[in-house]
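Okay, structure first, notes after.
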Amino acid sequence: MTIPVQPAPPADFASRVQGTLMGGALGDAFGYLVEFDSLAAIEAKYGPALLVDLSQASGTPHFSDDTQMSLYTLDGLLDVLEWANSGVGADINACQWLAYLRWLKTQNMQVPSHTPEQAPRWIDSQSVLHHQRHPGNACVSGLAGGEMGTIFRPVNPDSKGCGTVMRSAPYGLLPNIEAETVYKISSDAASLTHGHPSARQSSGAFSWLIHQLVMGGLSLRAGAESARERAVAEPGADAQLLARLEAALTLSTYDGEPLSGDSLTDALGLGWVAEEALAVAVYAVLVTAPGALSPAGHFLDAIRLATNHSGDSDSTAAITGNILGAFYGEVALPPSWLKLCEAPSLIRRLGANFIKLTTGE
């Protein structure tokens, strides 16, 4: 049997890893300012220009449960990598489940006594992650039941909230493995809390996209088209996911002013469910690309578009930030926003640990 040789991580791999993590956190913090506001409420609060800058926060801007869970996804991968580097194989999905159970404890919620012991790790002692920032119902209930969900025995079988997609960027950062493996790891982990096919497949497609940008070196459009093609190829492909991705790709090619606000969510959905959140983010990064004068300018334009609507603004903005951070690396991160980022040293430390464990650098 011939084992395919995977390309080495790109020279700017470290920047892309940190860009993905920090970009998601910045987008999340920006969108979280208006997550539960209608478009009319956003205009009433910030004026006709809507929300345009992180400095408009009244007080310190905070990231939400989206970034919390994304960081716990990363820590679950760190656990696997640490075992592997010591010569011991570990069940990836089991490590992810244990990581999410540890996250559940940070939300002042009880973990059922019959679950395996969750050995404490460094991330668990970081008090900044112990705030309750509107955790998703399916994420909480899927973990609080104490059963490890799988694609064959899913928990919350009808749930397809975006809680799977918003936490799954780290899977796409795994180097030295095929994109197909990334897709499987991501979709399997989605089953820990969400059982609907769209939740699993949207998560897999998102992680596939991140991997194609970071490891495949694809352009934003080529990466999005590749993710759409992988979604189409999935046995039992979810029709709504395919329709949303196709709409995002097609609408982003139209001339004229980009869709925004209500016209955006009318076309692609409000983002509360997985396929809608992914579609809004894909549209935002693609439609703002032609007019971008710089990576940071592209980041700002896309994040603003992905935020100013009546839907799940923090998740759509976080996913948008993940994508652009993966594509450009840290150069996409606006310096003025970085100064306002919550817990940047924590995020960078986890990212640095991941880089060291995957590349030795």
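Using the three backbone atoms N, Cα and C, a Cβ is placed for every residue, glycine included.
Per TrEMBL, Mg(2+) binding site is recorded for S64, D65, D66, D312, D314, S315.
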Original post:
With the Mg(2+) site defined by S64, D65, D66, D312, D314, S315, which remaining residues of that chain have Cβ atoms positioned within 8 Å of the Cβ centroid?
Top reply: D28, G31, Y32, E35, T67, R133, H134, G136, C162, M166, A318
Original post:
Among the binding-site residues D66, D312, D314, which residue has the largest number of other Cβ atoms within 10 Å of its own Cβ?
Top reply: D66
**OP:** Please state whether DSSP places D312 (Mg(2+) binding site) in a helix, a strand or coil.
**Re:** coil
**OP:** May I ask which residues of the same chain, at least 6 positions away in sequence, place their Cβ under 8 angstroms from the Cβ of S64 (Mg(2+) binding site)?
**Re:** D28, A29, Y32, E35, R133, H134, D314, A318
**OP:** Only counting partners 6 or more residues apart, tell me which same-chain residues put their Cβ under 8 Å from the Cβ of D65 (Mg(2+) binding site).
**Re:** Q132, R133, H134, P135, G136, C139
